[in-house]
Amino acid sequence: MDLYDQPHYRTTKNFAILIGRWPYQSPFQSVIILVVIWTAFILQAIPQTIAIIKHYDNRAILLECLPAYAMDIVMAIKYINLIYNAETLMREDWELLKNEEEKRILQYHTDIGRLLASVYAGFAFTTTGMFVMEPVLPRIINKIIKSNETVPLKFALPLEYIFFEKEDHYWPMLTITNIFAVNMIVVIISCDVIFITCIQHVCGIFAVIGFRIERSPTGGARLKDKYGVSVKSNLQDPTYKHLVSCIRIHKRAFYLADILEETFTQSFGVVVALNLPLMSITGLQLITQSNTVEQTIKFALFAAAQMMHLFFDCFLSQNLTDMSIEIQQCISNVKWYKSSKESQKILLLMLMRSQVPCKVTAAKIMELSIENFG
């Protein structure tokens, strides 16, 4: 079975294919998906912009327009910044593992990533479902209770179409606008699922490094040949050879962490910059515009989704930082005093490198961590 058809990568693969970012897709298929996504994005952004211009003096409509417009910006930035070669790099990392124990460690962390991605995607899709259903729920309720109350024609987002009358084409327009909204959310979720998988993969690599370091063979400095002469060649020192493999994969882990930082830092900068005003606007809507139960649930879920989005980013970044720092403790647990001088130098190099932890930042300004989230 191919690596990416296994359960711990299948979810990520499906989301990557969905948005045309799977490296093994045909170029034609990727281009078609890209065109569809950006076309839907533009067709949604234009009526949103018209609505903002037309109702700039209506506070209620303007407050409803701005969060949706901000989500469009987040979607565009995330999609543009999405890494292309992360999945290819993962395959190479699995080939670096020496035994089944190391494979189980990496698989454990990828399984955690799959669980986190599933929880995140499930909550996001539930929120999206409530969001797009809010305009039609009153109609469904009226049908059930057989009420004659008039329900206003509205969309999930404030939109204004120039060439179509809402009264004449409401249901087709509602369906199309909901599809556009779902398109935006699917892209955001897919980008985040890929990020979750990538960062958990790097955490798994650090866990493998710690496991390998703690099981370093000792006593290399006392090795002797058949004539009783001390071995001087590093190639005949099992501790040295083992630690060379450790420092290679250690360097690899930091390389992958740097790729993550460079790829996602700008999009996280936009997310963090928009999060505070979005939360404030959503809170104001929850207080002043929650005239029905449907609206209250809609605004509350939207606020919860924003908090959960930022929390996941901070939590995963904190986990990466902690895993990179833990290498110092693993090195301390090694009986380094029984190793050769050359082996001790390798341990010292890894120890010094581990003193600068891996971080994911927002535009290289703010570190994403649990402390900063609070």
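Using N, Cα and C of the backbone, Cβ positions are placed for all residues, glycine too.
Taken from TrEMBL, the feature transmembrane segment applies to 31-53 (among others).
Below 8 angstroms of C-beta separation, residues 7-9, 11-12, 15, 156, 178, 181-182, 185, 188-189, 192-193, 196-197, 199-201, 297-298, 301-302, 304-305, 308, 312, 316 of the same chain, each at least six residues beyond the ends of the transmembrane segment (112-133), sit close to that stretch. Feature annotation from TrEMBL assigns transmembrane segment to 112-133 (among others).
Among the features that TrEMBL reports, transmembrane segment is placed at 179-209 (among others).
Non-local neighbours of the transmembrane segment (31-53) in the same chain are 18-20, 61-62, 65-66, 68-69, 72, 75-76, 79, 157-162, 177, 179-181, 183-184, 187; each lies 6+ residues outside the stretch with a CB under 8 Å from one of its CB atoms.
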